[in-house]
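Everything on this sheet refers to the single structure shown next.
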Amino acid sequence: MKVVLSLGGSVLSNESEKIREFAKTIESVAQQNQVFVVVGGGKLAREYIKRARELGASETFCDYIGIAATRLNAMLLISAIPSAAKKVPVDFMEAEELSKLYRVVVMGGTFPGHTTDATAALLAEFIKADVFINATNVDGVYSADPKSDTSAVKYDRLSPQQLVEIVSRSSAKAGTNVVIDLLAAKIIERSKIKTYVILGTPENIMKAVKGEAVGTVIA
């Protein structure tokens with residue numbers, strides 16, 4: 001089975017022990033599956049982008065800084081995964097080529113203007129993944145931002161079309177925190193790849209790989 005895991009930068013802590021826990025889980029999954037991991041930029045990206053804006057950088061240049069940060073995080077994770085390719089691919093074709101030699105391929109961002117969620121969804125489509133797992137800091141897709149709206153309802157299961165509708169609605173509201181971005185949602189709809197949106201813990205990743213009920217399932 002081909003598994004694509006989007007690991008948010010906020011989920012991948014700077015603590016070495018937590019990185020090791022994720023690495024062990026990925027190694028375990030890779031024993032019987034081909035695993036592709038796309039890592040977010042997290043705090044590192046935010047700090048560098050903030051400084052770059054203060055220094056007058058364009059938004060596109062800031063995107064490139066964010067991409068560089070995701071690739072640094074990818075290298076950090078690779079350091080803890082013996083079976084992973086030691087090279088961070090810069091595009092999907094290179095990722096696919098590396099997967100012929102390694103059970104685990106870890107990459108960061110690719111295109112300016114694309115989040116790593118969108119990158120991971122596009123990668124999943126490109127390699128014809130069997131499952132796409134979006135590991136984030138929320139335990140699924142909600143009707144509203146659960147951190148600011150106590151009446152928000154969590155969805156256990158959604159169709160790809162419903163996901164696009166919910167994300168479109170949320171994205172239109174200023175200042176809202178969307179668990180998955182609109183481009184990623186549209187790619188999921190187009191590719192029809194089974195998707196899990198989960199709270200990013202090693203345990204939840206294993207559950208999603210096994211097809212157990214966890215987070216929000218989009219199918």
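Glycine too: its Cβ is placed from the backbone N, Cα and C atoms.
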- [ ] Select one of Asp63, Asp139: the residue that Swiss-Prot places in the UMP site alongside Gly41, Thr110, Phe111, Pro112, Gly113, His114, Thr115, Thr116.
- [x] Asp63
TODO: Between any two of Gly41, Asp63, Thr110, Phe111, Pro112, Gly113, His114, Thr115, Thr116, the residues recorded as binding UMP, what is the biggest Cα to Cα distance in Å?
DONE: 13
Open item on the list: Are there binding-site residues among Gly9, Ser10, Asp145 that sit within 10 Å of Thr116 (UMP binding site), Cα to Cα? If so, list them; otherwise say none.
Closed with: Gly9
- [ ] Provide, as an integer number of angstrom, the distance between the C-alpha atoms of Ser10 (ATP binding site) and Pro112 (UMP binding site).
- [x] 20
